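Sequence annotations record features per position, and here Swiss-Prot assigns topological domain 'Cytoplasmic' to 1-24, 99-115, 180-1329 based on experimental evidence. Residues or ranges marked as topological domain 'Periplasmic' in Swiss-Prot: 45-74, 133-162. Per Swiss-Prot, region 'Linker' is recorded for 184-817. Marked as region 'Disordered' by Swiss-Prot: 351-386, 434-489, 577-596, 604-639, 688-712, 741-849. Among the features that Swiss-Prot reports, compositional bias 'Polar residues' is placed at 437-448, 690-699. The compositional bias 'Low complexity' annotation in Swiss-Prot covers 449-480, 741-756, 764-816, 836-846. The compositional bias 'Basic and acidic residues' feature in Swiss-Prot is assigned to 619-628. Per Swiss-Prot, the feature region 'Alpha' maps to 818-943. Taken from Swiss-Prot, the feature ATP binding site applies to G994, S995, G996, K997, S998, V999. Annotated region 'Gamma' per Swiss-Prot: 1259-1329, in sequence order.
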Amino acid sequence: MSQEYIEDKEVTLTKLSSGRRLLEALLILIVLFAVWLMAALLSFNPSDPSWSQTAWHEPIHNLGGMPGAWLADTLFFIFGVMAYTIPVIIVGGCWFAWRHQSSDEYIDYFAVSLRIIGVLALILTSCGLAAINADDIWYFASGGVIGSLLSTTLQPLLHSSGGTIALLCVWAAGLTLFTGWSWVTIAEKLGGWILNILTFASNRTRRDDTWVDEDEYEDDEEYEDENHGKQHESRRARILRGALARRKRLAEKFINPMGRQTDAALFSGKRMDDDEEITYTARGVAADPDDVLFSGNRATQPEYDEYDPLLNGAPITEPVAVAAAATTATQSWAAPVEPVTQTPPVASVDVPPAQPTVAWQPVPGPQTGEPVIAPAPEGYPQQSQYAQPAVQYNEPLQQPVQPQQPYYAPAAEQPAQQPYYAPAPEQPVAGNAWQAEEQQSTFAPQSTYQTEQTYQQPAAQEPLYQQPQPVEQQPVVEPEPVVEETKPARPPLYYFEEVEEKRAREREQLAAWYQPIPEPVKEPEPIKSSLKAPSVAAVPPVEAAAAVSPLASGVKKATLATGAAATVAAPVFSLANSGGPRPQVKEGIGPQLPRPKRIRVPTRRELASYGIKLPSQRAAEEKAREAQRNQYDSGDQYNDDEIDAMQQDELARQFAQTQQQRYGEQYQHDVPVNAEDADAAAEAELARQFAQTQQQRYSGEQPAGANPFSLDDFEFSPMKALLDDGPHEPLFTPIVEPVQQPQQPVAPQQQYQQPQQPVPPQPQYQQPQQPVAPQPQYQQPQQPVAPQQQYQQPQQPVAPQQQYQQPQQPVAPQPQDTLLHPLLMRNGDSRPLHKPTTPLPSLDLLTPPPSEVEPVDTFALEQMARLVEARLADFRIKADVVNYSPGPVITRFELNLAPGVKAARISNLSRDLARSLSTVAVRVVEVIPGKPYVGLELPNKKRQTVYLREVLDNAKFRDNPSPLTVVLGKDIAGEPVVADLAKMPHLLVAGTTGSGKSVGVNAMILSMLYKAQPEDVRFIMIDPKMLELSVYEGIPHLLTEVVTDMKDAANALRWCVNEMERRYKLMSALGVRNLAGYNEKIAEADRMMRPIPDPYWKPGDSMDAQHPVLKKEPYIVVLVDEFADLMMTVGKKVEELIARLAQKARAAGIHLVLATQRPSVDVITGLIKANIPTRIAFTVSSKIDSRTILDQAGAESLLGMGDMLYSGPNSTLPVRVHGAFVRDQEVHAVVQDWKARGRPQYVDGITSDSESEGGAGGFDGAEELDPLFDQAVQFVTEKRKASISGVQRQFRIGYNRAARIIEQMEAQGIVSEQGHNGNREVLAPPPFD
């Protein structure tokens, strides 16, 4: 070994030059600056003084102090998130400079310029990628100014995805320019790392210790002892020496075949230059090493390494070779053989070998009485020459049983090669008697023959490992000496230079393996040194004297076909042209060695054609036997309860028929039946008799050999399993057409079978009194029932019910004669409902709130308070959070502003605060009543639902005596908000679609339904959308049906105006000021038993014979769901009616609730707003809409889903309320409860206008005419010119009033409609002089 270099480990202190000292000192300072810069970047706080802001009132939070805060702010502003990489780049540059400080190479300025270009490309593209794909950091752009410029430039041109791809390409080019690395090299490095990781992982999972011999450790110890004195030997030399030693030992193993027998595993136990070794199965057929039929496990394992998958020297055909060695030794007299290589015999021992790990399960096949020839046991000694004794048959043997298919398959072109062999005669010489039995039981793929005495199993045969083995005495036999074959030494084959040569030679030899070469039948001749498998053609099958079973007629054909096929295919297993080796290699282990020919597994059809049965065929045979045993049954299996029920049903029917014959046709088994049922029963009886006749006819005409599953001539094939040659039932059977019953939609088809053939119940259309269900007619009793053979006719009329009723079973309820679906709403349904006993609906109809309430997280609120202070400090606003009020939806933070800070500054920053706090919306409350703080309302992370039941079940609602009490929801503190509609007195509701406006209106209606009786409160509901308020149709509180027509809505409002005038007259007569005082007077008169007569009644006003008396007047609530649609459709007339009601209707007990989703000034005019002070604003789209409703902003910042601002009466500050949620099921439940209490008593004439002319807009001319109308008519008829401007100038009135007068003239027919030029014609004649 050459002398190795030994590194000196001693370190000496050497002085640096002046330039080197200065350079290293400078590098140390730069590294310290990079560390300081990283600390400043990581501890950046927006509230610190920096380049982007100057006002600050807090101590500096940055670890770098004020310079660090300034520098960090500047870097973040320029580079964004890429600023964090700047300290890392600085440290990397210092390391590079320190490593290359001693190199005095020539400076390539072109390379330096390319590196500079690459650095610039990397910086720009990194910032651009961060700006496009990363989130912003603090209040800086994620890519800084550079990334913002690039992203704004690329996005209009390439979009975000295209810009990202373009920047990635430029970044890759910049990396190549800066580093000089090729992307091919980078890809190779990445691939190498991945492969190293996968290799390491796979090596860790594989048992590598099995590949190392025990001798290696000893050899390593020897090497260590030898080289113990070499203390300074390098690690590389030791690894190289170990590798050379392993290679040397591996080569020695290949040279020495007795060491580890590696060639036995790689080349099927043979060398390339050896003669062919012939291995036999237990039946004398040569075993293919790659044959899956004969590649079973060994009975015994050699003393080799059991964990070595490659070098254990055990071929897969060793069990077959051992069996063949013993078999050929005893069958030397059977037939002439050819010389082959001698195989060492297996020594006999007293104790039989253990059972193999894989036990083969024999497949039961058709039994036959023909004896077949079994191979001789292995322990029998060989006989000289060919002196064959007389064959003695003690017991007839059975046909070979095919092993179970899933374990293996035959590995030849012809699937079934199962020849018959002559049985071995009884020998007086005792050998290894147990070997024959063990060979037959253990190696089931080669030979599984048993006598009839042993084969005492039914059709479902037990596995082989469960069968009892015959116990025989085992005579002691001296083991024969093992003869080891001395093979010539040769160089090892496991060298890579011989692979191509071996592969070419092996391809030629393997191609000649499976060439079918017919062998002539040879005469017996003297035995040579080895054995040969006997020819199948030389041993014909012998007829047995035993009785042939009834199944032999069908099996015989398959048996003869199998024997013939085996005779033809016998050369497939012959050993002609088998002089070359048969290598057995493992794929993926070692080099690419010659591979054997792929084996084609026979198909199911090929196996079945030669009589080889599969597990599915055995199951089919089993089913066929069961079908033959149960050929007179219905073919379907039922449980005991179903069979008992059907038997009881049939007995009941027979009993009813007997009683009818005895007592007449009127007897119905103690159950009265109407005439229609009697006719249906008669038709059913005729259908049953007809079915029974057809069944007898088909069962009598069944031919003798029509049974397709008879086992007499059974020959199974995969195609026959799908066919059925037996008679089938007809597809269309004539059925007696029943009488159509008008009240029953469809009755199930009743099929009457014989008593011994019960039918299953059908779950689809089963009736309670009829447990049986349709069954295919004309069922063949001897034919097995299959699901595809049961045909039903959905297009034919259905048979009626049975002719009798069973008393113990309830009768099916008849459906109601209606065409309405049960899921459709029945408005005005007359079905009787159960009347509740309580005066008002129960709260159980509403959804209860959850019992567990999520606690308030005070720690999270404290964190949010600190964050609010920090965000306000970012906008140069000094404020402290002094308190917070958590609610179900939002949390209000009370801010104590610094002196001199205006609340308007925070209000203008509401959207910026929402963005910086990452919330949906922020509402600023400039004035909190009773507190000197400013409120900041933020939404909660987990929003809670406000249930209507928990608001109604409150003392504020229960203790309020007003029948017009309504609940709105909860405020921000979680307290319920209850209002009185009588004090409002009118309500205006506005909100966009989906804001919860309709849900809020439903909550108000339900709260009044839970508070008032129909005699206290009545409703007039106007629903132009025909969706929201139509669900209340039919409740007793309605004065009229829900109004959906716009003209009817105008008439309803006019009726309200007339009712208001009538009530004012009555109140003035009684001397009261409001409806409550009027009702008190009426109640007092009732207590005095002196009712008050109507003072304004005249005898011609009504048909009453007596003078009517005054009664209690209820409150009237007019609800308009979509006020804007009503205004746009009918026009300004509705505005006048609403304005009159809003002005005067409060004292008369008439209240308006107007809801709209378009809060514009042309819908909510100043006249309406002036008379409706109470308003509720849900989420609106803009501040303008918020000011239209509330006269102030704030509604645009609501969260939606019931979040509202409630401006109560006599108050200018709105209260934020979270509306109660009402489900549709709750609304329907309350409505149904009130419908069950009584019907509504509608008032006639509310939606009709009998005094107006058609199409006149529904105006009452006597009451709605202008005071100047008569004078204007006289003026127009005299001048014969109708114009708005003329009337305006003549009477000196406004334009709107003049236009109204002209429209009234048009309505009265005085003037015509406006023409295309704007002129009108005067239709009335001129006045008389």
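Just so it is clear, glycine is given a Cβ too, placed from its N, Cα and C backbone atoms.
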For the ATP site built from G994, S995, G996, K997, S998, V999, further residues of that chain with CB within 8 A of the site's CB center: G991, T993, G1000, F1178, M1201, G1202
Surrounding residues of the topological domain 'Periplasmic' (45-74) on its own chain - C-beta under 8 Å, 6+ positions past either end: 36-37, 39, 83, 138-139, 870, 873-874, 876, 878
Residues near S995 (ATP binding site) in space but at least six apart in sequence (CB under 8 A): F1178, T1179, V1180, L1198, G1200, M1201, G1202, D1203
Winner by Cβ contact number (other Cβ atoms within 10 Å) across the binding-site residues G994, G996: G996
Secondary-structure category, per DSSP, in which S995 (ATP binding site) falls: coil
Distal contacts, the topological domain 'Periplasmic' (133-162) - CB-CB under 8 A, six or more residues away: 44, 46, 52, 76-83, 123-125, 127, 874, 916
Spatial neighbours of S998 (ATP binding site) that are distant in sequence (at least 6 apart) but have CB under 8 A: E1028, D1121, A1155
CB contacts for V999 (ATP binding site) [other CB atoms within 10 A, all chains]: 21
Cβ neighbour count within 10 Å of K997 (ATP binding site): 26
Number of helical, extended and coil residues in the topological domain 'Periplasmic' (133-162), per DSSP: 20 helix, 2 strand, 8 coil
Counts of helix, strand and coil residues, the compositional bias 'Basic and acidic residues' (619-628), according to DSSP: 10 helix, 0 strand, 0 coil
Residue counts (helix, strand, coil, in that order) that DSSP gives for the compositional bias 'Low complexity' (836-846): 3 helix, 0 strand, 8 coil
